[in-house]
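Novice: After the structure tokens below, expect a handful of questions from me.
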Amino acid sequence: MSLPEKIEVSADRKYPVYLGAALEDLGGYIHSLPDKVEQILVISHKKVADLYLERLMTGLGDYTVDLMIVPAGEEEKSLDRLSRLTTDALGFGADRKTLVIALGGGVIGDLAGFFASVYMRGIRLIQVPTTLLAQVDSSIGGKVAVNHPAGKNILGAFHPPVAVWTDFRTLDSLPWIEVENGLAESIKHALITDSDFFSFFETQADSIKRRDPVIWREMVARSASIKVRVVSQDEREQGIRRLLNLGHSFGHALETEMNYRGVTHGQGVSIGIVAAAFLANAKGLITLNEVERIKQVLRCYDLPTSISRQDPHALLQRMETDKKNQGGRKILILPQGIGNAVVSKECKDEEILDAWQKVILEDN
Ligand SMILES: NC(=O)c1ccc[n+]([C@@H]2O[C@H](COP(=O)([O-])OP(=O)(O)OC[C@H]3O[C@@H](n4cnc5c(N)ncnc54)[C@H](O)[C@@H]3O)[C@@H](O)[C@H]2O)c1
Ligand SMILES: O=C(O)C(=O)C[C@@H](O)[C@H](O)[C@H](O)COP(=O)(O)O
Ligand SMILES: [Zn+2]
């Protein structure tokens, strides 16, 4: 077993992101923490716990560990589930010395993270991401949240973890549909910051699809490093971090309008990136050839670039609750060429509607 690579988020508080770590070694790391841990709550999905809890427990033998299983699905990022977790945690006697381990994908990371951020006004959290999306994106940066019927991630916090513990081997059991979600965020990272990394997705498609371990390691490491770099500069999303939201104003609108059914987060982001690219083209920020290049790379990984049976006006209305909006003005992230993006404060509703029309298929 090779030693994990350590990169560090350097924001208000520093914390390590271990890439290529072993689940079995997490206990040793927790023992080494300066502030003693008295008890551990592992929050996970049944499927993930069945696959990986035993490995995690190898290193946690000295601790009282309680497991809290959450049903799978975006709907579980809810206040109702938060309340149930709280009841269970109180039943287990969890206190301020308790550590939460989020073992799972982005849903578990966001939900368990939000629980950790508010339980007794905040307890420690370690993110153990087991999906590609969580390893390249959601486990890093401290954003945690639950949804509200009116909008996605409306109730949330910035609650940086003590550490991110990434074991690449957990990705072996991930179905392709879940891989796609991670690829959408990873391609987004490339599109906003690194044209060379964008070309990587064009040239390495065969290796990525065949899950070549060396190429996957490079992909996760490059993508996670971009996220680390951005959130280290702007943890609270006042400036550059907003670029990580490329495609999300559109994507979140779709997810909420469709009640989180029939569209995953990554699929919403993929369609959202294309809509943002069309809007950027209308503003002269990107050529139509570049828009086509973006669509091609997404399609190459089976990601959607359009959607049918949607009302653009309803989707525009959904964008009213976007967290980037200011004083009723919609603020959107737009690609500027490939490998660069800008915050656009000049987006009129008609322009946004036009962009929606370009990704909504006509029904016959
Ligand atoms: N906080 C952030 O910065 C941030 C960033 C991006 C996305 N997100 C959020 O992340 C969520 C999406 O996360 P996701 O795509 O990881 O979905 P997910 O967490 O719902 O996981 C997808 C499915 O994969 C299963 N799974 C997890 N690990 C597995 C493994 N190793 N093997 C087999 N199956 C496994 C899960 O049980 C689940 O059924 C959304 O709620 C999104 O808003 C948050
Ligand atoms: O970390 C960020 O910042 C991001 O925007 C990453 C996104 O991929 C992620 O989906 C995030 O949860 C979106 O945040 P939100 O505040 O727009 O809900
Ligand atoms: Zn996202």
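Every residue, even glycine, has its Cβ placed from backbone N, Cα and C.
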Novice: GLY106, VAL107, ILE108, GLY109, ASP110, THR130, THR131, LYS152 bind NAD(+) in TrEMBL, but which of LYS97, LYS143 does that record place at the same site?
Specialist: LYS143
Novice: Select one of HIS159, HIS248: the residue that TrEMBL places in the Zn(2+) site alongside GLU185, HIS265.
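Specialist: Of the residues offered, the record points to HIS248.
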Novice: Using the alpha carbons only, what distance in Å do you get between ASP110 (NAD(+) binding site) and HIS248 (Zn(2+) binding site) once rounded?
Specialist: 16
Novice: Specify the count of other C-beta atoms within 10 Å of the C-beta of LYS152 (NAD(+) binding site).
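Specialist: The answer is 25 other Cβ atoms.
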Novice: With a 10 Å radius around each C-beta, find which of these binding-site residues (ILE108, THR131) has the fewest other C-beta atoms nearby.
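Specialist: Lowest Cβ count within 10 Å among the binding-site residues (ILE108, THR131) is THR131.
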Novice: Please report the three-state DSSP label of THR131 (NAD(+) binding site).
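Specialist: Assignment for THR131 (NAD(+) binding site) reads coil.
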